[in-house]
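Trainee: Annotations for this protein, taken from Swiss-Prot, read as follows:
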type   : residues : note
REPEAT : 83-118   : repeat 'PPR 1'
REPEAT : 150-184  : repeat 'PPR 3'
REPEAT : 185-220  : repeat 'PPR 4'
REPEAT : 221-251  : repeat 'PPR 5'
REPEAT : 287-321  : repeat 'PPR 7'
REPEAT : 388-422  : repeat 'PPR 10'
REPEAT : 423-453  : repeat 'PPR 11'
REPEAT : 454-488  : repeat 'PPR 12'
REPEAT : 489-523  : repeat 'PPR 13'
REPEAT : 524-554  : repeat 'PPR 14'
REPEAT : 590-624  : repeat 'PPR 16'
REPEAT : 691-725  : repeat 'PPR 19'
REGION : 863-938  : region 'Type E motif'
REGION : 939-969  : region 'Type E(+) motif'
REGION : 970-1064 : region 'Type DYW motif'
Amino acid sequence: MNKYIWLVRLWHSKEEPMFLRSVSSSFIFIHGVPRKLKTRTVFPTLCGTRRASFAAISVYISEDESFQEKRIDSVENRGIRPNHQTLKWLLEGCLKTNGSLDEGRKLHSQILKLGLDSNGCLSEKLFDFYLFKGDLYGAFKVFDEMPERTIFTWNKMIKELASRNLIGEVFGLFVRMVSENVTPNEGTFSGVLEACRGGSVAFDVVEQIHARILYQGLRDSTVVCNPLIDLYSRNGFVDLARRVFDGLRLKDHSSWVAMISGLSKNECEAEAIRLFCDMYVLGIMPTPYAFSSVLSACKKIESLEIGEQLHGLVLKLGFSSDTYVCNALVSLYFHLGNLISAEHIFSNMSQRDAVTYNTLINGLSQCGYGEKAMELFKRMHLDGLEPDSNTLASLVVACSADGTLFRGQQLHAYTTKLGFASNNKIEGALLNLYAKCADIETALDYFLETEVENVVLWNVMLVAYGLLDDLRNSFRIFRQMQIEEIVPNQYTYPSILKTCIRLGDLELGEQIHSQIIKTNFQLNAYVCSVLIDMYAKLGKLDTAWDILIRFAGKDVVSWTTMIAGYTQYNFDDKALTTFRQMLDRGIRSDEVGLTNAVSACAGLQALKEGQQIHAQACVSGFSSDLPFQNALVTLYSRCGKIEESYLAFEQTEAGDNIAWNALVSGFQQSGNNEEALRVFVRMNREGIDNNNFTFGSAVKAASETANMKQGKQVHAVITKTGYDSETEVCNALISMYAKCGSISDAEKQFLEVSTKNEVSWNAIINAYSKHGFGSEALDSFDQMIHSNVRPNHVTLVGVLSACSHIGLVDKGIAYFESMNSEYGLSPKPEHYVCVVDMLTRAGLLSRAKEFIQEMPIKPDALVWRTLLSACVVHKNMEIGEFAAHHLLELEPEDSATYVLLSNLYAVSKKWDARDLTRQKMKEKGVKKEPGQSWIEVKNSIHSFYVGDQNHPLADEIHEYFQDLTKRASEIGYVQDCFSLLNELQHEQKDPIIFIHSEKLAISFGLLSLPATVPINVMKNLRVCNDCHAWIKFVSKVSNREIIVRDAYRFHHFEGGACSCKDYW
């Protein structure tokens, strides 16, 4: 201490040597000024008029706030002429001690008086002081008058303007900076991007800034790229954000969090989760913010399995006590309906903040627990936490979910009392409350009372009218937005587009699309995905694809929406192709894409690829999602994998109707009709509710098995559950009775349909046609036209088939020619087949050949097969060989062609040619499908093959068959035996093995069934001439009705005649 006293004494002496002045100043610099000397009394005396010492002491006392005003006054009062160093330290003192704005202005005045305003260092200090005190005008004035500005000065000014959301000024300053040849650096772009994030900036401006960043070589700067990722993500350009992220060679925590958060917010949740996993695998420790973003993604895709895995990682890494992470977990569990886990986390939290309560209240509100949300709100009060706008908005949301309008009105009054009435969130929640409670008048009144500049409220009104399917008012609101110059955001256009989708208004949707293009929102991932969804659902798949390729980039939602569109319209091959292209571009599918890809595999019965997608879903964590499980049930059941179908079915939630329907439908479509019916019976036994889809599949299964008894049982359940008035179900029943051989029941069912549509008429017309009642089919067609029901392609198939079966060639040709002229229908291949069949049945083979050669489309195999079959009947070898030649070009391995050609040679007695044809079949490994017939006796299905001797009653059946044949021969039956004799001659086999299966089935039926029961037989091939003749005579000698359903139609035999009138 003595050294300081000595120094003071020297300063108080009247005659101090010059060298002591320099010594004392140096001493102060070295040792500093002790606190005891820092007093109001010592300071003025010590300073005297010595400028150098004053400046030196200023360095040490600048941290003492009590000296700020005193020392500045000393400068003015004592007439000291401070130098630039003194003023610099005084300014630093003002900054360190938070001096008043007036003090700084005094110093600024001194600087101007002394002409030191050109001093760059002083200008920087003054500039910093004004910025520190928030005097933007003073800072800008100093900035403009600076002789030279460093890059740091520019950056400070830009950041200050950005913090005040003065976007125009930021860009103006940036342009000025570049024009003055100042090279921007990381800090510059950071400030500019901050300004962009704070306001609405046109996309092309952001692109220009990005281009400048690349030009300056800052593509690897996290300082610049992290906010750029966030900016792109915030505005929905997640693909561009990902491009910036992928371009960073060294990514920091903020880079990962920005990208994960951006993906999560832009409905790329699956990609966000995968990116989080990549980050963890690379050894980068997740931050609470990273956990929050990825948990938010899990919440959006509703994946409890992934959420629980992340919860485990939270515990493992020691984040279980982090309030930020716990809040995200509570929100996740509440959203997924796991209230126990959410409340457990809440109760174990060491610290709960307002966000915690808000999260819990919001979770309860979203789950529909309005009462619990209100109780928690009261507890929040008891814990001394005040509600904020988020709390009150969540409580209003709870009222919206519960539909409790009265409580919502009370909250409305409460928010007004607390001064939150003009809060944007609460305004949106209240408006949504009135809209969802269908109080559209109050909603509109409230909307008009609010600050209509808030785009969120406009969006709510768009959604409100959309919920009412009021497209006119929805569009009116949209037009009013444009008049009021309300700038749309990424949710505005999707709101009205979704209404267009629901109402099927493509024209208005296209108008909205044009507005989207004008405002450059087509690059927004969310808008792009909704546009694709609209065009896909409304049938313009090519337009949807064009948008996907041009604008979607790597947005997984857009790609999976496109896949779903193809699946909806049964373009399963395109759906799978798109799915593969998505994977090839490095886009990992979400649960929507995987589900629709599996559905496409089911439609194509592509089992192997479906199993690969199943494995991919297991790896991705989506295999337990209910829609995916239902798609798996459909895949395996349609592919005939019964065991795998039930395994997938057992993984679904109990009682899920979609899974049950998938099982019934899948088995039915794969031909496992008995299994489909067993599942249907089990459904009813377990009390599972049926619907149109269930009954439709069950009825079709009964149709395919031609099991009249089971069909009637299904019909009984339909009647019991009240679905017998549903037109779709009734239509299926008409077809079922027709396929089971009961045309009378089909007629009865048709008459009971209250609202007949084109499917109803088609069902009865085709039923009459298949059963050989051509006149009735044509009468029904006339009634259909008179009922103002427009026919379609299916109708005309039934009409032309009816004309064919009853030999009305000219009338049939007239119907065919009227398809385009009267009904606007272009003939399809099946219509050409009907005409060829019509001509050939009438023996007009040459005319049929000419008709085929003049077809505007290439004849398919069925056309040529129809002609060849007729040539066998009419023994026309020339045209038959011509047809066979074309048929073998199309289907060289088809056994039916060789069989028909062999039969043609046989009926033409060209035995060598016949044998050569059969030899070719053997060489090519082509095998003829064996004939098989079925008949139901005493609730059991009995199956017979040609010459079958395996039945337990084979001897009795063959013996009875011989008796029937003898009796038929006595009244005129003559066996077509030349082919049989040739078989016997060449193959030297027992004649019994050439008895066709339908003859054995009929013999067994007549032997076993009561005399009053019709004989119902099914056959997999077409009935031959000999069998047809034999059955006609047997129906007469047995006095029984015999119904045979072959591969082409029904034959009703009774009294020695057939309903087909020998045209089959």
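Just so you know, the numbers here start at 1 and follow the chain as drawn.
Glycine is treated like the rest: Cβ placed from N, Cα and C.
Let's see these features in context: how buried, what's close, how far.
Mentor: Within the model, the repeat 'PPR 1' (83-118) carries an average pLDDT of 56.
With DSSP classes pooled into helix, strand and coil, the tally for the repeat 'PPR 4' (185-220) is 26 helix, 0 strand, 10 coil.
For the repeat 'PPR 13' (489-523), same-chain residues at least 6 beyond its ends with a Cβ under 8 Å from one of its own Cβ atoms are 202-204, 235-237, 455, 458-459, 462-463, 465-466, 469, 471, 474-475, 478, 481, 530-531, 533-535, 537-540, 547, 551.
Packing against the repeat 'PPR 14' (524-554) from elsewhere in the chain are residues 235-240, 242, 266-268, 490-491, 493-494, 497-498, 500-501, 504, 506, 509, 513, 516, 561-562, 564-566, 568-569, 571, 574, 585-587: each is 6 or more residues past its ends and has a CB under 8 Å from a CB in it.
Packing against the repeat 'PPR 16' (590-624) from elsewhere in the chain are residues 269-271, 273-274, 301, 303, 305-306, 309, 556-557, 559-561, 563-564, 566-567, 570, 572-573, 575-576, 579, 582, 631-632, 634-636, 638-639, 641, 651, 666, 670: each is 6 or more residues past its ends and has a CB under 8 Å from a CB in it.
DSSP assignment over the region 'Type E motif' (863-938) gives 53 helix, 6 strand, 17 coil.
Remark: secondary structure over the region 'Type E(+) motif' (939-969) totals 16 helix, 6 strand, 9 coil, with classes taken from DSSP.
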Trainee: Do any residues of this chain, six or more beyond the ends of the repeat 'PPR 19' (691-725), have a C-beta under 8 angstroms from a C-beta of it, and if so which?
Mentor: 657, 660-661, 664-665, 667-668, 671, 673-674, 676-677, 680, 683-684, 732-733, 735-737, 739-742, 752, 754, 934, 936, 939, 1016, 1018, 1045
Trainee: Going along the chain, which residues at least six beyond the ends of the repeat 'PPR 5' (221-251) come within the CB cut-off of under 8 Å?
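Mentor: Those are 186-187, 189-190, 193-194, 196-197, 203, 206, 210, 213, 258-259, 261-263, 265-266, 268, 284, 490, 523-527, 552-555, in sequence order.
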Trainee: Tally of helix, strand and coil residues over the repeat 'PPR 5' (221-251) according to DSSP?
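Mentor: Secondary-structure composition of the repeat 'PPR 5' (221-251): 23 helix, 0 strand, 8 coil.
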Trainee: So how many of the residues in the repeat 'PPR 12' (454-488) end up helix, strand or coil by DSSP?
Mentor: 26 helix, 0 strand, 9 coil
Trainee: What does the DSSP secondary structure composition of the repeat 'PPR 3' (150-184) look like, as residue counts for helix, strand and coil?
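Mentor: Counts, helix then strand then coil: 26 helix, 0 strand, 9 coil.
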